[in-house]
Amino acid sequence: MSEFSMYHAMGQGTPKPNAPVRKDEPNKFRPPVAASPGGYQQTGASASGQTPNQYMSPSNQNFPPAQEQGYFPPQPSPGFQTGHDMNNLTTQMGGVGLGVDVAAQPRQNKKKHRHAFHNLEAPGSSQAFNGMPQNGTPSQFLDQTSPGWPQPQITPAMSQFPAATPTFSPAAPATNAQHAARVGTPQAGSAASTQQGRVDPEHIPSVPRSRDTPAQYYLEHVYPTMEHHLPPPALVPFVAFDQGNSSPKFARLTLNNIPASADALATTALPLGLVLQPLAPLQDGEQPIPVLDFGEIGPPRCRRCRAYINPFMTFKSGGNKFICNMCTFPNDVPSEYFAPTDPSGVRVDRLQRPELTLGTVDFMVPKEYWSKEPVGLRWLFLIDVTAEAVNRGFLDGFCEGIISALYGGGDQDETEEGDSAQRRLPPGSKVGIVTFDKEIHYYNLSANLESAQMMVMTDIEDPFVPLQEGLFVDPEESKAVITSLLTQLPNMFSEFKNPEPALLSTLNSALSALTATGGKIVCSLTALPTWGPGRLFLRDDGNMHNNDAEKKLLTTEHPGYRKVAQKMVESGIGIDFFMAAPSGGYLDIATIGHVSATTGGEIFYYPNFHSPRDTLKLSKEIKHTVTRETGYQALMKVRCSNGLQVSAYHGNFYHHTFGADLEFGVIDADKAIGVMFSYDGKLDPKLDAHFQSALLYTTAGGERRVRCSNIVASVSEGAAEAMKFVDQDAVVNIIAKEAAARMSEKSLKEIRGALTEKTVDILAGYRRNFTGNNPPGQLVLPENLKEFSMYILGLIKSRAFKGGKEPTDRRVHDMRMIKAMGPLELSLYLYPRIIAIHSLDEKDGFANDNGYLRMPESVRASFSKVEEGGAYLVDNGQTCLLWLHASVSPNLLEDLFGEGHNSLKGLDAFQSTLPVLETHLSAQVRNILQYLESNRGSKALTLQLARQGLDGAEYEFARLLYEDRNNEAQSYVDWLVHVHRHIQLELAGQRKRDDSDGLASTASTFVGLRTPYWN
Ligand SMILES: [Zn+2]
């Protein structure tokens, strides 16, 4: 969440006086460490700092992997293939990337500035650690008088916006610098030359560059949500300044300028959709969402369409009427809410009213919005105590994780003083503990007991709740009882060792325990539940893939699990599972996970759980699930302007009938929903299109609220304007969610084919309708969709959709995850962030002159970019690998792992963290890891070693190099060539949809998958 301070504050920890007090975010930055001792320079190393990196061998001439040799033409030489002269080529390539570097002035000539780790200052100096400025904390974003960046202010024009300028037209899509990575030749789009299947891999759009350049910009600039109308790339940390339009963290439209008619939209082949992450975390420097209380009358709403009051409603008749921005109905202003308007029609109190100036607000709501008395959130931990859980150390880890989540302690960032004394759950929340194997055990946790009392529920056919008093307790009052119980559980059950868990009975029992109040269940499971009612069996024998049988394995028809899921949602209950298959076994995640997917929960899945390697990840993830913002008993409604209507929702929730509200047992900060719109008329280009999402929920502290987000887009007659305001992350997110939603009806092969077709449709549509006079042989990409093809290729290669064998547990897990992922997490999942740590500049990983962490440029996901002797961090938001080349420098290993650890074989394969060492490199890498961890999603970051030739994780490393040919799909270059060829066929009227050369698909499968795609 707001871990920004961790890597910006750099040990100074002096927030600006006007920064929000964030008691929950102490400065967790590691204490400065002394510089390395000077005595260990390699022979020949120069102290001047100008030598090439000492970790690297001088050349990598023998290195290009055999696999890739056929894909990449020999090293590009100017004018290598196309016959264009160099200048011309450069011009054409400008938009693809060459121009980007010029605009953004990234570090030049990096090699020259590379430093070996040991090119440090004199021993004893700690300059590298203290060299940061005194005023560089990120809280200066709040300091509106600070001269460092344009001050976002509500300008007169903006403040009068609803009355004075009914037509919204974004001032600018983005500045050049702001979107340097995306900006080339805005009108003409970008060009990548292809000819006879040859593409220069250096010149195709680079995902790393598209992130790194804006990330630099947004270190020192805010994103004003009305002045600019094209959000930063989703993976880029930024501080949004809410000017009435919701921050992209909460809502991203695929098109921030919307064509007036369905026909005009169809020329783009793009979906019109909205990605909502209503409880998204904020980062330091952003204003907390205000909570507004209108007392018994509740927030003012439109009488006709029930839209909530928002900055785009206009006031008429001297302030007596307000005109709804969704349906244009003129409402009477309630007398309690009346304020006169000034001569320009603006309410005189506008600037004092957050609901009239901010895009995202929380409304407290009165009793009529309650379905039951709101109370603090009940957390019920269901702990698997069967033999597998005990034997494999999962029970141990899970219990430790709960203790750490409730009371701190356990993982690294807890070690600072004061943290453990802090209350983790909001006052009013309560916790309960249940264990289960073939029976269900409840515990009385009353604070007045010496130790917890167990009550065994043996009637698993008709489970009930055997106690009322002491089941849910205040975690602080009962701290001693809870801690002692959790500490003893692993020992207690090591004597019983029942092999089979009775899961469904336990879930039904938990449902009874929470029906009255609603709440959140956190359940561990380490074996296929084969006991009692709802017992499951091994459905996936590993041999069913690419056929209808596989499709069935991805869904569940189990009446027991479907029923308990539905009842949980109805009662305002949601569930997160922590599932481990320590021996790699099948867990039927399709069936069990249906309960969490339906109730708005999540699955944390450890397919190869190994204790103690994975206990830190387990512990961190339990802590995350307990401490992230969580609401329960939630309903969601999305409203839009006349002329548009919601056509589909995608995500993890319960949807009773179309048109009804979405229902969530629980919803948390990491969960996103995709909403698609269709036209039911024509939009008026003179007016704007408005969207409002309203999430009615109960907070963990027990307040009933509505989280309201308002989004506005301008409207144009045609679609040319729309193409300038395309949000690539939103488009990818909507398409991915929709693809995931189809997994129960279409085969994986059909889905991959449809994704390919969709990519061609969009790019061909652009080529046909929106480009100028580009030579026919050129692949022209829309400026803001430059990396779109790569992200779709990443999707096709993801575990959810990839060809070839993949355990259905993993497929269905990833599929449901994609449905719920926010744009940031999905971006990372579709294209990992790769950092070369053997060639870090000595300043990388430390604060720059302005106090911001200096991140090295990231590396393209291709083995051709891997250097001999290299060491790389590879993070896709789910796992973070540390890949080490076989001939990595022994000095690097010692700097990273400690003295004596100078060979790959000597490293502990199961370590999940780096030791804290007083070496420059150690500090750099740990700082970088901390940055990655704070900019990720719902999964915790721990390291997994992937040593070349030694560790199984190497396969995962190879799998994540999405630009190469792998995962039964093409390389990025070949994929672009393939797409390009089909665009040309489409433009020539010769495109057949039965292409069999690429991602093999058959003609019949595409019936109905065209625009409006997926039917
Ligand atoms: Zn209305």
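We number each residue from 1, going along the chain as drawn.
Here the Cβ of each residue, glycine as well, is placed from N, Cα and C on the backbone.
Residues or ranges marked as compositional bias 'Polar residues' in TrEMBL: 39-64 (among others).
Residues or ranges marked as compositional bias 'Polar residues' by TrEMBL: 124-158 (among others).
Per TrEMBL, the feature compositional bias 'Low complexity' maps to 162-181.
The compositional bias 'Polar residues' annotation in TrEMBL covers 187-197 (among others).
Under the heading domain 'Zinc finger Sec23/Sec24-type', TrEMBL lists 299-337. Confidence in the domain 'Zinc finger Sec23/Sec24-type' (299-337), given as mean pLDDT, stands at 97.
Here TrEMBL flags 377-625 as domain 'Sec23/Sec24 trunk'.
The domain 'Sec23/Sec24 beta-sandwich' annotation in TrEMBL covers 631-715. Residue counts for the domain 'Sec23/Sec24 beta-sandwich' (631-715) by DSSP state, with H, G and I taken as helix and E and B as strand, are 0 helix, 57 strand, 28 coil.
TrEMBL lists 727-826 with the feature domain 'Sec23/Sec24 helical'.
The domain 'Gelsolin-like' annotation in TrEMBL covers 855-924.
For 1-69 (among others), the entry in TrEMBL reads region 'Disordered'.
According to TrEMBL, the feature region 'Disordered' maps to 122-211 (among others).
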DSSP residue counts for the domain 'Zinc finger Sec23/Sec24-type' (299-337), split into helix, strand and coil: 6 helix, 11 strand, 22 coil
Candidates 377-625, 727-826, 855-924; stretch with most C-beta pairs under 8 Å toward the domain 'Sec23/Sec24 beta-sandwich' (631-715): 377-625
Selected stretch (most C-beta pairs under 8 A with the domain 'Sec23/Sec24 trunk' (377-625)) from 299-337, 727-826, 855-924: 727-826
